Amino acid sequence: MSFIEYGDTIKDGDTAIVFLGHESMFPVKVQHGTVTQTKYGVIRHSTDLIGKKYGSKVTCSKGGWVFILHPTPELWTMNLPHRTQILYSTDISIITMMLELKPGSIVCESGTGSGSLSHALIRTVAPTGHLYTVEFHQQRAEKAREEFREHGVEHLVTVTNQDVCKNGFGVSNIADAVFLDIPSPWEAIGHAKSALKAEGGRICSFSPCIEQVQRTCLAMEEHGFTEINTLEILLRVYNVRTISLQIPDLGKAAEDNSSTGFDSSSPSHQGSPCANLQQGTVQFKSGVPLREVVGHTGYLTFATKS
Amino acid sequence: AMEGGPRIREGDCAVLKRDEVFKAVSVLRRRKIIFEKQWFYLDNAIGHIYGTTFEVTSGGNLQPKQEVEEAATETKEAGTDNRNIVDDGKSQKLTHDDIKALKDKGIKGQEIVQQLIENSTTFRDKTEFAQDKYIKKKKKKYEAVITIVRPSTRILSTMYYAREPGKINHLRYDTLAQMLTLGNIHAGNKMIVMETCAGLVLGAVMERMGGYGSIIQMYPGGGPVRAATSCFGFPKPFFDNLHEFPLSKVQSLLSGTFTAETLPADPEENALGEEESNGLSEEKQTSLQETEEEPAPEAAVELNPPEEQDAMDINAEDVEFKENKEKENKDSVREKQMKQWERRKKLIEAAALLGEKNADGLIVASKFHPTPLLLSLLEFVAPSRPFVVYCQYKEPLLECYTRLRERGGVINLKLSETWLRNYQVLPDRSHPKLTMSGGGGYLLSGITVVLDKGKSDPSNSEALRMEEPSSKRCKLQDLPC
């Protein structure tokens, strides 16, 4: 396995995802002789994981079971150890498309943070592209390097430990796209411009506050960027539920059964298998929004160097 | 754009851009293009770098736009509010006829805007912001500039959603972006794609795979529609590992009774029938009309067929056919046999690829009910691989969700939608844009796992319990307190 190439069977050294149930999973590094504790009991790597197919059901020591999944950048994003706030797949998806990334693209990114976006970028530009990622926090930079090595993608990424606002990306005239997720992106726009290819490219900056966006837009304009466009993408997740609503008793049934609007013999209701009139309820499937959802992650400002 | 960038060449697939409006065209000499109420020829654009902005001059010629210093830097005079501005309809001293005369004289748009400002009695009393807005509005109307850009998923999906949403089942570009990410589309994958989005989703998947790996496109009817795919201008090798397989043969493939002998009716006729609905036939009509009016929005895709396109080959052949009818007969019979043989070979190849049942993902975005598609096509996908289904409506996905749960072999099912909000960001005038899209469709995504033998396996219901929050608990939560 690697994060950029599917494999069928679980091997020693792989990073696998242990799936316990609804939104409950964690990553595990597969190693001969190692055991992993879950609430369903112990998983023994040598016998329970290595050699098994990805996607298999693995029975734990207490008789409960879990699924072992092949890692993807999206699963990693949901399970990675947070060293910073991270970008989630909803934002990542629009960033990837609007930056026009594809195999072969050269991308610059700062900061590396916890590497959530980095993994997605690497996946998309592989096998011929490259990611230059800049992180001013030394430990985070080192941790990111270590993860890229473990995930078999180190040849596709260069991690530089410096301040992007002062020292730039460490490369010039080679990038097709630049991504910024730093507190003062307007200070890095000049460096972004020189990192991009002479023929042009795309840029994106992520900021939670509108004041940051305003300063960034001004800086982009001053540096001659065009097509400056700010947007926000919000994810709405729906729970699929079977809902029953009670039919109110208006006293009509007692008087005349056939005159109720919900008579099962009326043609408009024959097609509905969910109607359960005997019990005085109607059932239907609904996509119910979650009680609380993410209302704001950040503004995404895109622009073109041409 | 600076020196060294890729240049516009004859035969390229390019996209015209004016403000936020896009139109895909093929770059051909002496071919009249109508875009945003203007007509012109692309001849002069050839040789220039992509990203160049052109002005339309008299006779429909394109001329690279020179960067001009804004004349508006002279001492500015502006009001503070609009308490004394009255709408009497007489603030503009130039009449419609005056403006038309200016235009007919071939006066540059920039100058017309300047004249409009000078002849507006209220302009000086407007606030600085209102003046800005006025100039922007007039510039948009009178300054005829277009930029020629290279096609990409970003541009084509934005273009289709704005101009022909009906042809892509109202799949908004941010929803498409989600599909590509949720589906973990990347180089080296073996993907199954079932779409009726004019080939836009296929093109997006091809772009992300960069020619590495393989794609099997499942198609309804007589052949896949790839009008939008051809707008991407992919290099020929991208099509080497693009396979296609008719939906009508899926059942026989799954039950093991598949043979390549019984092909679906005459493929060519069917393919032509399909094409009626993909915009190309309309394009033919509008190019015949050559009116100065903007063609109906349906004709967003003004493209001449590159050779590698099946559907388009047929189109070109069709024209040839009419030209030399006499000579045709013998050759055409042989050619038809050759084509039939080719098709059969490709069909067997595609069937073999599917038969391995080890695809790395499934993408569905069609006008059909998703449930039967999913229940069948998931059979061809390996375990621990993502799948994503798009539907314009939520309800069919609710049913699909339920049926997939009953079937088993899938986890992490998620029904979702994205909202997209655009912002105006200007000093002291930042706010969300007035309008946002009401709907860009819904997605159902999940991950395949090894399917338990026999549906009565009690652990399946355990999985159900594990994943679905109990409805009892939620009912309690939903009670008003």
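Quick reminder: no glycine exception, Cβ is built from N, Cα and C everywhere.
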Further S-adenosyl-L-methionine ligand in TrEMBL, beside A:Ser114, A:Gly115, A:Ser116, A:Leu117, A:Asp163, A:Asp181, within candidate set A:Glu100, A:Glu135: A:Glu135
Among A:Glu135, A:Asp163, A:Asp181 [binding-site residues], residue with fewest other Cβ within 10 Å: A:Asp163
Chain-internal residues near A:Leu117 (S-adenosyl-L-methionine binding site), provided their CB is under 8 angstroms and they sit 6+ positions away: A:Ile86, A:Leu87, A:Ile92, A:Ile95, A:Glu109, A:Phe179, A:Asp181
Cβ-based isolation winner (fewest other Cβ atoms within 10 Å) among the binding-site residues A:Ser114, A:Ser116: A:Ser114
Residues that sit under 8 angstroms from A:Gly115 (S-adenosyl-L-methionine binding site) by C-beta distance, when 6+ apart in the chain: A:Leu80, A:Ala144, A:Glu147, A:Phe148
